[in-house]
C-alpha cells in the first residue's frame, strides 16, 4: 500500500489543506497517510510564509529529504502552501530534486501534477489562483473524530502592510452558500458535532445563493449551519475587527450554538501603530465591538494576536498594548516579534528598535497573558462545563478528554464504567464539573446526573 507523508506549517487553513491533500491522493491513487517519511512514496511540505525565515526552513527540510530521494528514485517530493506560492519555480531551481510545486489554490491538481512529473521527467510547478475551483474537485471529507474544519472562503483583500497572505493566497473568494452547507451536512451525517469555519477573514464571507443573484453574509451562513441536524457547536477563525459587523454580534444573541469563544486579532494597542499596519480600525472601535459582544455574552472568552516590535514602536506604544491586554482580559494570544516579509510595504519601514528590547517586550506580554489564562482557568473550578468528548486522555488512556466552549482541554475519569461504554462516549456532549486547574488543562468529574445516564 502506497503512503504519503505531509508536514504542515502554520495556520488552521494549512491544517485543513493538508487534510485535503491527503484526501485527493487517497481518492486518486489510494495513498494512505504515514507519520514516517522513510516509509512514504510521496512526501509533501505544506508551508507557511507568515513567520521569519520561512523559506530557509523549507530548504532545510528539503535538504534532509535529498538523501532519501537518492535512495528511493521513485519518491515524489512536493512543496505546497504559501512559500510555494511566493517562490514558485525558484524552489526547483534551488532544489532540482523537488518534483512538484503547488499553491493553496491548486492542491486539487496534485494527482495530475504528479502524473505529469512521472510522464515527462520534468518538475511541475502550478502556483496559479484559479479562484474557488479547487473545492469543485475535492473528494468528500473523511471524518476523524467529532470535530471538523470547513473552509468557507480563500484569500484576503485587506492588504495589511506587514502581511504576505494576499500575495500568496490571493484575493478574497467565497465558496457558494449551498456548497458550504452541503459539506457541513455531510460531516454531521458522519458524526461530526462541532465545526470550525475557516478563512483568512471569515467576516468578509459573501457567498452566492443557488442560481440567484442573492448573496449570503457570514451571519446568515452561521444561522443556516446552526439548523443542520447533529451540529451542536460552531467555531470560526480567523476574523478581522474591521468587518466584525453588528449583524455578526447579534448572531451571538440568537444562535446558541456559537461557542463562548472568539479569536479576534487586534495586533496592537496603539492607534499610531495600527495605522502603520493598515489595519483599518482604531483601538476604541475594537473595544466597542468587544463591549457590545460581552453585553450579549458576558462569559465569552477572547483570544487574539499581537505583533511586538513593529517598526517605529515606542515604549509608549507598547504600554498601550499592555493597557489593552489588562482591559480586555485576553484568554490566550498568538504573539510574535515582527519580522519583515519580502514584498510587503512594511518591509521598507525604518526599524531602529534593538532586538533585545523587542524580546523583553514579548516576554512581558506573554507572561501577562499567561497570568490571564491561569486566572480564567482557576475561575472555572467548581463550575459545570459542557464538553465535547474527543477521545482518550493523552497521559492516561484509561481516562477521557474533551474540550470546553472556551477551548480548554478537560481530562476526566470514569472508573466505574466499562471500557466499551467509555469509548461510546467519544463524540458525545457531557456535563463535567471542574475540580482542578493546571497550566494547560483542567481536571473534571462527570456531573452525577450524567454519570447515571452514561452507565446505562
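Just so you know, glycine gets a Cβ as well, placed from its N, Cα and C.
For the domain 'MTTase N-terminal' (2-119), the mean pLDDT of the prediction comes to 90. Swiss-Prot lists 2-119 with the feature domain 'MTTase N-terminal'.
Annotated [4Fe-4S] cluster 1 binding site per Swiss-Prot: 11, 48, 82, in sequence order, evidence recorded as sequence analysis. Under the three-state DSSP scheme, residue 11 ([4Fe-4S] cluster 1 binding site) falls in the coil class. Under a cutoff of 8 A between CB atoms, and with a sequence separation of 6+ in the same chain, the neighbours of residue 11 ([4Fe-4S] cluster 1 binding site) are 48, 50, 238.
Residues or ranges marked as domain 'Radical SAM core' in Swiss-Prot: 142-375.
Under the DSSP three-state reduction, residue 163 ([4Fe-4S] cluster 2 binding site) is assigned to coil, being neither helix nor strand. Long-range Cβ neighbours of residue 163 ([4Fe-4S] cluster 2 binding site) (same chain, at least 6 residues apart, Cβ-Cβ under 8 Å): 50, 156, 341, 344. Taken from Swiss-Prot, the feature [4Fe-4S] cluster 2 binding site applies to 156, 160, 163, supported by sequence analysis.
Feature annotation from Swiss-Prot assigns domain 'TRAM' to 378-448; the stated evidence is sequence analysis.
Sequence-distant contacts of residue 160 ([4Fe-4S] cluster 2 binding site), defined by Cβ-Cβ distance under 8 angstroms and a gap of at least six in the same chain, are 267, 277, 278, 279.
Look at the domain 'MTTase N-terminal' (2-119): DSSP puts its residues at 64 helix, 22 strand, 32 coil. Surrounding the centroid of the Cβ atoms of 156, 160, 163, where the record places [4Fe-4S] cluster 2, the chain contributes additional residues within 8 Å, namely 158, 159, 162, 164, 165, 166, 200. Using DSSP to sort the residues of the domain 'TRAM' (378-448) gives these counts of helix, strand and coil: 10 helix, 31 strand, 30 coil. Residue density at residue 156 ([4Fe-4S] cluster 2 binding site): 22 other Cβ atoms are found within 10 A of its Cβ, drawing on all protein chains shown.
Each of 9, 10, 13, 14, 47, 49, 50, 81, 165, 168 belongs to the same chain as 11, 48, 82, is absent from that list, and has a C-beta within 8 angstroms of the C-beta centroid marking the [4Fe-4S] cluster 1 site.
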